[in-house]
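Pulled from Swiss-Prot, these are the features on record:
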{"type": "BINDING", "residues": "Cys16, Cys18, Cys36, Cys39", "note": "Zn(2+) binding site"}
{"type": "COMPBIAS", "residues": "65-80", "note": "compositional bias 'Low complexity'"}
{"type": "COMPBIAS", "residues": "81-93", "note": "compositional bias 'Basic and acidic residues'"}
{"type": "COMPBIAS", "residues": "107-121", "note": "compositional bias 'Low complexity'"}
{"type": "REGION", "residues": "1-97", "note": "region 'Large ribosomal subunit protein bL31'"}
{"type": "REGION", "residues": "65-121", "note": "region 'Disordered'"}
{"type": "REGION", "residues": "74-121", "note": "region 'Unknown'"}
Amino acid sequence: MKEGIHPDYKATKVLCACGNVIETRSVRGDFHIEICSNCHPFFTGKQKIMDTAGRIERFKTRYAATPAKAEPAKKAPAAEPAKKVEAAKENRAAKRAKAGKSKKSEAAPAAEAPAADAKPE
């Protein structure tokens with residue numbers, strides 16, 4: 001391995017809120033966690049009441065100071081675009097009707113006429 005490019009991998013202590021200390025190795029250094037295997041309900045089989053009320057209060061106090069969102073600007077009436085859409089639909093329908101009539105008139109004689117390459121059996 002090259003020297004000087006790898007991070008320092010040192011002994012680390014992970015401190016839990018319950019008081020448990022886990023010794024491991026990391027590049028981070030010492031750090032604190034809220035729940036570990038000693039106090040997590042899955043491992044202990046005991047139910048733990050989380051401090052959700054405190055979290056809600058912190059959220060409310062944090063966002064109470066922010067101003068309310070401004071009302072959205074009023075939009076112009078959408079009557080004209082609706083008329084344009086209707087006109088475009090009518091134009092497409094008229095074009096399809098014309099195209100359908102011309103295709104039918106071309107297709108009918110071709111179906112009645114025998115093919116030049118067809119061999120009688």
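Glycine residues also receive a Cβ, built from the backbone N, Cα and C atoms like all the rest.
Since the structure is predicted, the reported quantities are computational estimates derived from the model, not experimental observations.
With a 10 A radius on its CB, Cys39 (Zn(2+) binding site) counts 17 other CB atoms from all the protein chains. Looking only at the region 'Large ribosomal subunit protein bL31' (1-97), the predicted model's pLDDT averages out at 83. Neighbour counts were taken as the number of other C-beta atoms within 10 angstroms of each residue's C-beta; across the binding-site residues Cys16, Cys18, Cys36, the minimum falls on Cys18. The record gives Cys16, Cys18, Cys36, Cys39 for Zn(2+). Within 8 Å of the mean position of their Cβ atoms, the other Cβ atoms in that chain belong to Ala17, Gly19, Asn20, Ile33, Glu34, Ile35, Ser37, Asn38, His40. Secondary structure counts, DSSP: the region 'Large ribosomal subunit protein bL31' (1-97) has 36 helix, 16 strand, 45 coil.
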